[in-house]
Amino acid sequence: MASEESPLLTSSSDGSKTTHEVIYDRFTRRRKRWIVFIVSCAGLLPKLVAASFVPSIPQVAKELHSTHAAVSLTVSLSTFATAIGTLVWAAYSSFYGRRTMYLCGIPFLCIGSCGVAMSNSLRSLLFWQFIQTFGCSGGLSLGAGVIGDIYKLEERGIGIGIFLGATLFGFAVAPFLGGVAAQYSSWRNLHYSLAVWGLLELLLIYVLLPETSHPGTLGIDKLKQRRRIHIAWVNPLRSLWLLRSPNLFGVMLATSLALITDYVLLVPLAYTIGVRYGITNKAIIGACFLPNGLGNFIGAPLAGRLSDILIRKWQEKRKGVWSPEDRLRATWIGGLFMVPLSIGVSGLLTTYVDGPIGLLLNLLCLFINGIGVVFVLNPIGSYNVDVVHSQSAEITAANAGVRSFILSIATALVIPSIERIGVAWTNIIVAVLALLGQGIVFLTIRYGDRMRASVDVGFSTIENN
């Protein structure tokens, strides 16, 4: 158990590699980059599936003879399926392995996508949408677990940065693709395309992705006797128990409050920027999401590299001693400045600035917000993998599950809040919440050792990180 008096991580005094450090040399640098590319492609899918459906809602409602509000239930259902799926795939990956869970999950995506495309009733649409999202949701937690498996502590941030940038870019580019499909083709063709993507991803993983879990750590490897086809029960909810640790719960809440700003800007975009600046074309509205995705894509690897640099810098200042909370110092530029300022200024611009100038400045705010959010999410995501490395997929799943629940509530309140108090005040309130989240990060940096010592959830040491 970690104590207040001793650091969580210390390095070898003679600079030689430990037995555990040698594990990270299993794959060459080029192979590691290829693995990151594969899991990043898989990580794109959950956000792409969920967000690409939004611009198609009016077209779907018309074809299925339903209402806009009823079809909109698919958004909440996707959020719920993502929360359940991330927990399930992460829990079983610790028993069967990352690669196996990818190969089990993606077929659900392919079948679900075809089912969505062929749906002729709202009931069948909701059912197949759940299957579709459940199948691909493992890409979020499994990807973080894979990167934690192949990169050692001081190199992990850049890998998770690339992965996180890809997943968030999927969320931003999806409405554009969905808008193009709704405007110029059919929402059904979009889901057939997702099924094809799933098949290609399945083939890529089967042929080129190795099992990255550390030798001897999988549950199935520890069984003394097992059947040829061994089916085990693993409680998917046990991952949530990790959040009883105050530092893990605190940083989860901080990421949720930062990510809410993304959703408050993007979810009602057609009703805020679209209406304010007279944009009615679905494809053009979808294109307005792209600056945010570009910010995610650019900012994520930068944030990861900065967090790795800070880990090494503070280790040197402490003469070889690591404190995991040093990585969280990389969140300051995003959480304290970019995130709250971008959403607050966007609300004021939408309310008071007309014409092309107002639209252009709003798009700039979306870009800055995209960078700022990943400067919060990336270091915290890497921090979670650092402190509970043996349960990296589980802590990522627990974060994603609870965060999805929080975001589903926030998303449901966005449009009613805008209608009641306006865009400016809604955005300012959310900016204040983001600042409160950064305050939680500050407390975690300051008192992280005491927070870890208060509740032991199996924190990592230098021997197993």
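The backbone N, Cα and C atoms fix where each Cβ goes, and this holds for glycine too.
Feature annotation from TrEMBL assigns domain 'Major facilitator superfamily (MFS) profile' to 35-449. Per TrEMBL, transmembrane segment is recorded for 34-57, 69-89, 125-148, 160-184, 190-209, 248-271, 283-307, 328-353, 359-380, 424-445.
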Outside the transmembrane segment (34-57), six or more residues from its ends: residues with CB under 8 Å to it: 27, 68, 71-72, 74-75, 78-79, 82, 85, 102, 106, 109, 113, 129, 132-133, 136-137, 139-140, 142-143, 146-147, 150, 159, 162-163, 166-175, 177-179, 181-182, 187, 190, 194, 197-198, 201, 204-205, 208-210, 212, 267, 282, 285-286
Ranked first among 248-271, 283-307, 359-380, 424-445 for CB pairs under 8 angstroms with the transmembrane segment (160-184): 283-307
Beyond the flanks of the transmembrane segment (359-380) by at least 6 residues, Cβ under 8 Å: 157, 160-161, 164-165, 168, 172, 251, 254-255, 258-259, 261-262, 265-266, 273, 277, 288-289, 291-300, 302-304, 306-307, 327-331, 333-335, 337-339, 341-343, 345-346, 349-350, 353, 437-438, 441
Interface check, the transmembrane segment (328-353) with the transmembrane segment (248-271), three or more C-beta pairs under 8 A: yes
Contact set, same chain, for the transmembrane segment (283-307): CB under 8 Å, 6 or more residues outside the stretch: 55, 157-166, 168-180, 183-184, 262, 265-266, 269-270, 273-274, 327, 330, 334, 363-364, 366-375, 378-379, 382
